[in-house]
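Features of the protein shown, as given by Swiss-Prot:
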type     : residues                                                                                : note
BINDING  : Asp36, Ser37, Glu38, Tyr39, Asp40, Ser85, Leu86, Glu118, Arg141, Glu178, Lys295, Lys319 : NAD(+) binding site
ACT_SITE : Lys120                                                                                  : active site, N6-AMP-lysine intermediate
BINDING  : Cys413, Cys416, Cys431, Cys437                                                          : Zn(2+) binding site
DOMAIN   : 596-673                                                                                 : domain 'BRCT'
Amino acid sequence: MKQGIFMIKQQIEELRQLLRHHEYQYHVLDNPQIPDSEYDRLFHQLKALEQQYPEYASENSPTQRVGAKPLSNFAQVKHDIPMLSLDNAFSDEDFFAFVKRIQDRLIHVHHSLTFCCEPKLDGLAVSILYINGQLVQAATRGDGTTGEDITANIRTIRNIPLQLLTDNPPARLEVRGEVFMSQAGFEKLNKTALAKGEKTFANPRNAAAGSLRQLDPKITGQRPLMLNAYGIGIAEGVELPDTHFARLQWLKSIGIPVNNEIQLCHGIEKVLDFYRTIKQKRSSLGYDIDGTVLKINDIDLQQQLGFISKAPRWAIAYKFPAQEELTILNNVEFQVGRTGAITPVAKLEPVFVAGVTVSNATLHNGDEIARLDIAIGDTVIVRRAGDVIPQIIGVLHERRPENAKSIIFPSNCPVCDSVISKIEGEAVARCTGGLICAAQRKEALKHFVSRKAMDIDGIGAKLIEQLVERELVHTPADLFKLDQVTLMRLERMGAKSAENALASLAKAKKTTLARFIFALGIREVGETTALNLATHFKTLEAFENATFEQLQKVQDVGEVVAKRIRSFWSEPHNVAVVKDLIAQGIHWDDVEVKEVRDNPLKGKTVVLTGTLTKMGRSEAKEYLLQLGCKVSGSVSSKTDFVIAGESAGSKLTKATELGINILSENEFLALLA
């Protein structure tokens, strides 16, 4: 018996130590190692044991306090009124139990309860003190009793007023709220960090917490932080409204930001409707939330209900299903996207996350695999938010099994066996078999027949879908091998449509070298670059055999584009398809290099608008490109010339308003003469 009691006592102490460790990682180091759901499970396990064995209760247990101790780097601030956390509900039944506890304490209240309902922002709780309307101090929640002085950092947040917008400010007003970062701001912050080679943040909450705890306020000021107030602590020299909702509206009226989704809900069903609505809107809000906060609206009733040691009795956080969970990485497969991007896909032990069972998650690229230091067999943290593809955001390395296997990134495409290429400085590796890779086939063919490439009118996107799905076309060269009988077997393809398609294919065999190069779909080789390559090398053979150094001598061809071109030609599959295309009769006239004299249009940004009667728009564009012009599709202050044909519309009007040089078709032709 004694041994059993000893083991229970030991289990309780181990749980306390484990929870303290994770609190320190989360609150102090801003480096959470487990999902919130895992922490909640450990917390409730400890709480249940302490309730079952009260003789082992301890005032220092994680269940008896709000959070972790503050950092020693900041001055400490004692909260006059403790900043408590909230009890959690994870189901309707939990919420009903919360309501019953309230009703049992308010037996004299016979009307239905009214709640102030708010989204539960996933950020950092702060206290901001105003004296006579001036912001004088700000602190983190810390352990609920003592926080960290972050006044200088809070002053840098643009949506927090340094002076209240009222002519009659309170003598003292303590505003409590959540500092957070929008998803767009978070993505921009990480993108900038990547470009500078700096460490990125795992999620917006970590980014907000890390930004708010910077010792240098200038760094905080560069971060896109925001505040939403959720309550009031101290208030002196002011008569506050007698409901929570009205108090939030009053805060808003004096310049304090309040969340726009907050609603007043009368009765339990309306509260649950709010929960479901916010849950549905979650992915479109633009910021992270992990549930709703439901508060008794009447301040008098709040005071009657009071507090327990850790939380108010009049409020609860009804949390959404966990967006992060632990599971095992069983394997990694490599998928090929429509542009040839190679994406590692984690095959997971199925786990229920955010309302669905997840068995696959993206690992993004090889750099991400290295950053995570992940191996097959690892225990991983998988995250699913809204409609975003599940992803692995962390690894519990201490749980790595002895038989864990390293993840080997393939050197050849798993679909077509072409070489995989990765440009230095880029994260994404790509298959080089663009013309033959089945994974890229549809997009490669759609590009090949497009108007700016081979301009094959009779072959549209829907026809290509059918041709590929029925395995009738594998490469662009196969298009020219189609016959009428084959085409007429397809949906919505009668004799006339088949004839038109074949006629378009026959007509397209006569093209230009520039169009042909563009049609090959070499990554980074756009219409202008293709024309520059054709003009420079003059023949397909010279272009195919050009060295890396020779390619870089071409206008607009830098190191990256040159590498893309050499990767394309070094893949035997691509060379074979090009030879097949020539064998099918694709041809062009010798490249005529027009002499580019000094010309007012040379190197300028030009917009074509209206109908040109003496020259087709494509021909006009080709002339302009040979002059080194940038041909744009829209008019802006950066436009140098607008060439206006007949029936020119809004582009001509805008050019006139901006004072841009306007040329008629005849004036344009005169400059080319």
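Cβ from N, Cα, C; glycine included.
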Rounded to the nearest Å - Cα separation of Lys295 (NAD(+) binding site) and the residue listed as 'active site, N6-AMP-lysine intermediate': 12
Secondary structure at Cys431 (Zn(2+) binding site), reduced by DSSP to three states: strand
Number of helical, extended and coil residues in the domain 'BRCT' (596-673), per DSSP: 27 helix, 18 strand, 33 coil
Most Cβ neighbours inside 10 Å, all chains, among the binding-site residues Glu38, Asp40: Glu38
Any further residue of that chain within 8 Å (Cβ to the Cβ centroid of Cys413, Cys416, Cys431, Cys437) of the recorded Zn(2+) site: Val336, Gly340, Pro414, Val415, Asp417, Ser418, Thr432, Gly433, Gly434, Ile436, Ala438, Ala439, Gln440
Inter-residue C-alpha distance, Glu38 (NAD(+) binding site) and Cys413 (Zn(2+) binding site) (nearest angstrom): 38
DSSP-derived class (H/G/I helix, E/B strand, else coil) of Asp36 (NAD(+) binding site): helix
Asp40 (NAD(+) binding site) to Cys437 (Zn(2+) binding site) - Cα separation in whole Å: 47
Of Leu86, Cys431 (the binding-site residues), the residue whose Cβ has the fewest other Cβ atoms within 10 Å: Leu86
Rounded Cα-Cα span from the residue listed as 'active site, N6-AMP-lysine intermediate' to Cys431 (Zn(2+) binding site), Å: 44
Of Cys416, Cys437 (the binding-site residues), the residue whose Cβ has the fewest other Cβ atoms within 10 Å: Cys416
Residue among recorded positions Asp36, Leu86, Lys120, Arg141 with Cα closest to the Cα of Cys413 (Zn(2+) binding site): Asp36
Alpha-carbon distance [Leu86 (NAD(+) binding site); Lys120 (active site, N6-AMP-lysine intermediate)] in Å: 11
Nearest-integer angstrom distance between the alpha carbons (Cα) of Cys416 (Zn(2+) binding site) and Leu86 (NAD(+) binding site): 55
